[in-house]
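S.K.: Handing you a structure now.
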Amino acid sequence: GANVSLKDHLGRNFLHLTVLQPGGLQHLNEKFLQMEHIKNLVVDEDNEGCTPLHYACRQGVALSVNNLLSLNVSIYSKSRDKKSPLHFAASYGRINTCQRLIRDMKDTRLLNEGDKKGMTPLHLAAQNGHEKVVQFLLKRGALFLCDYKGWTALHHAAFGGYTRTMQIILDTNVKCTDRVDEEGNTALHLAAREGHAKAVRLLLDYGAKILFNKAVASFFHEAIHNRRKDVVSAVILHKR
């Protein structure tokens, strides 16, 4: 028969590649997955240190995730970037996969573990504007931690201009509004710098303070310096 232990140039085995196909593992026979030499492929890593479970969580195909978890694959396995399967599911907005992974968790440690950049699943979901995942992670006890740049989930959402995600974060913990990063920037600085007028308005509505960063610039300085006309107009017209 075919040699299932062969790998491609990225170190991906037969299962990694099957997971990437539409429908993932659903076309594979249950008995086939239980075969001893196939079980070994389940824990096999590609060149980036990712197992087939990492791939399945990125794709968000429920059946693939369930099949792999039924083989007692560890949800705690980390890639070279120190990303767990939950990091992948959160980053790609796979809400059902996040729910499935957290169901199997014995403790909340994985919920708040940082990757190589200190980013937790909450940071990654916020960075990509996946509000349902953000809401779910917060309900399950995700903490308001900082990554290695000093950014909170609110910083990441503000940088991307994801106002709905920002609102969910602010409604859960309004205290994080004025947290500053390594350079003294608040979420308001980042939203203004990137030209996200709606995000700036939202933060002002939630009572964000006008603080100066380490370069002695307020969010308004950032808007003017970066020629963000929409932000400047929004600030001038704001009721505050």
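Cβ coordinates come from backbone N, Cα and C, glycine included.
TrEMBL: automatically predicted annotations, no manual curation.
Note that the structure is a prediction, hence the values are computed from the model and not measured.
What TrEMBL records for this protein is below:
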{"type": "REPEAT", "residues": "48-80", "note": "repeat 'ANK'"}
{"type": "REPEAT", "residues": "81-113", "note": "repeat 'ANK'"}
{"type": "REPEAT", "residues": "117-142", "note": "repeat 'ANK'"}
{"type": "REPEAT", "residues": "183-215", "note": "repeat 'ANK'"}
S.K.: In the same chain, which residue numbers or ranges, 6 or more beyond the ends of the repeat 'ANK' (48-80), come under 8 angstroms Cβ to Cβ?
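M.R.: Sequence-distant neighbours of the repeat 'ANK' (48-80): 10-11, 13, 15-16, 18-20, 23-26, 28, 30, 33-34, 39, 41-42, 86, 88-89, 91-94, 96-97, 100-101, 104-105, 110, 116.
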S.K.: Using DSSP, tally how many residues of the repeat 'ANK' (183-215) sit in helix, strand and coil.
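M.R.: The breakdown for the repeat 'ANK' (183-215) reads 16 helix, 0 strand, 17 coil.
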S.K.: Determine the mean pLDDT over the repeat 'ANK' (81-113), rounding to the nearest whole number.
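M.R.: PLDDT averaged over the stretch: 93.
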